[in-house]
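Colleague: One structure follows; several queries about it will come next.
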Amino acid sequence: MQEWLEILLIHTLIDSSSLSPQRLRVMNRIISSQGSDLIKQKLSQHTSFFGIKLWILITASASIAFLLVLIISVLLCFIFHRRRCSQEPFRLRSKLCLPLSHIPLTNKQQIPYNRCGDDIESQRISQVGWSSARLSYYTRSFSSTGSFGSFNVFTFMEIKNVTDSFADDNVITKGDSSTVYRGILMGTVTVAVKRFLPSNSRYEDKDFITKAEMIANVRHKNVVRLLGYCIEGDERVLVYEYAEKGDLHEWLHGSAGRNRPLTWRKRMKIIQGVAKGLAYIHEDIEPKITHQDIRPSKILLDYQWNPKILDVGFIGHSDIPTLIPSPGNMDEKIDVYSFGNMIMELVSGRVSVDQSSPHVRVYLVDWIKEMVANHMIVDVLDPSLPEFPTIKELKRIVLISLRCVDPELKERPKMGDVIHMLQPHDLLLNNNAIQKAQKITRSHEVSAISIRQ
């Protein structure tokens, strides 16, 4: 320390103008060297804090301070984002509903929308405005595991842009009461847009909305999810999640099935998935819902061949979709019968009612029963199958289908029981069940003979 003071004293007393530049550079170098050595000496000294060196203590303190600032910043950003998600209205409808040609939307409406997908224990209904002609805004936010995070209300202009003004190229299927179109949301997300014919739009807005919102709460892997709706004037539109493989009817009786027939394993996967979906809506939710129109065209298939039941809670043959709570088990038994008939279509590859011959209708259920009664069960198999099941497996599946189409309602199993029956070693498929199926086929044979006489 004394050497350092002496150098400073010399430096201040001597007139720098009398020194040559070379001597000044030497003196500055000496001063810098002395100062550097002093700093190193101080930093290398042990402190009273557990004897840690000063430079280590300073470095550790700076690192801890930096981490604390970083953590606090991240927490503040997260809290701000959560508050913003739960409070701000959704103002990105133009980005959500991009048309296929990416034309910007006009006359956009701001609709409350939960983009975060957070769990909401108490569901809330946000009703912003009503008019005599139509419902202006109405949305219900709830927890979602899908891409959008809540139930959506679309304007008809948005629906038109999503489907390119309902272009014929986007038609997926046409029915007696509606047409289903392919649409694009957010420029990349494909959806199915179901537009009902104007003749099916005479019901009040509140009724349609209540039914749609109840169906939106149905969440199951084997049920097509309802993403939102549109209601303006006479227009009634439902927006569903999209299934990449199309409907089962196309794979059984259309061009897709002729080019690439479904394997036995895929058919069994479809049967099991539909059974689980029906058991869910029959037994696991309140109010219970029945479908009443189970058929291959109502079963959609995703890219992994998982079946998804379409139009859950809506009667397919009515003028407008109507929610049907099941007061008893009669409606459920109708679904069980339709499910058994669908199994027969999957096993045989035949349509439910064959009208290829003029003035003759051949019902698949009757044909299967006749083949079983005549011990020709092998002949019921779809000849286009890439590989055939074992006789034991075939008998098991046909037996299940026969139990489902039992003429006696009380003898038809519940869908929950059917799921157990589909397991390879289920106790429900015992000798008594086999005798019951044989009794059904024999009674059918007797009735058929009496009709001929």
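Placement of Cβ uses the backbone N, Cα and C atoms for every residue, glycine included.
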Colleague: Looking at Swiss-Prot, which one out of LYS160, LYS194 binds ATP in the same site as ILE172, THR173, LYS174, GLY175, ASP176, SER177, SER178, THR179, VAL180?
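Modeller: Looking through LYS160, LYS194, the residue Swiss-Prot assigns to the ATP site is LYS194.
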Colleague: Please report the distance from the Cα of VAL180 (ATP binding site) to the Cα of SER297 (phosphoserine), rounded to the nearest angstrom.
Modeller: 12
Colleague: If you measure SER297 (phosphoserine) to LYS174 (ATP binding site) at Cα, how many Å is it?
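Modeller: Given the Cα positions, SER297 (phosphoserine) is 11 Å from LYS174 (ATP binding site).
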Colleague: With H, G and I counted as helix, E and B as strand and the rest as coil, say where DSSP puts LYS174 (ATP binding site).
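Modeller: The three-state answer is strand.
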Colleague: Give me the sequence-ordered set of same-chain residues, not including ILE172, THR173, LYS174, GLY175, ASP176, SER177, SER178, THR179, VAL180, LYS194, with a C-beta within 8 angstroms of the centroid of the ATP site's C-beta atoms.
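Modeller: Those within range, site residues removed, are ARG195.
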Colleague: If you measure ILE172 (ATP binding site) to TYR240 (phosphotyrosine) at Cα, how many Å is it?
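Modeller: So the Cα of TYR240 (phosphotyrosine) lies 13 Å away from that of ILE172 (ATP binding site).
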Colleague: Under DSSP, is TYR240 (phosphotyrosine) part of a helix or a strand, or is it coil?
Modeller: strand
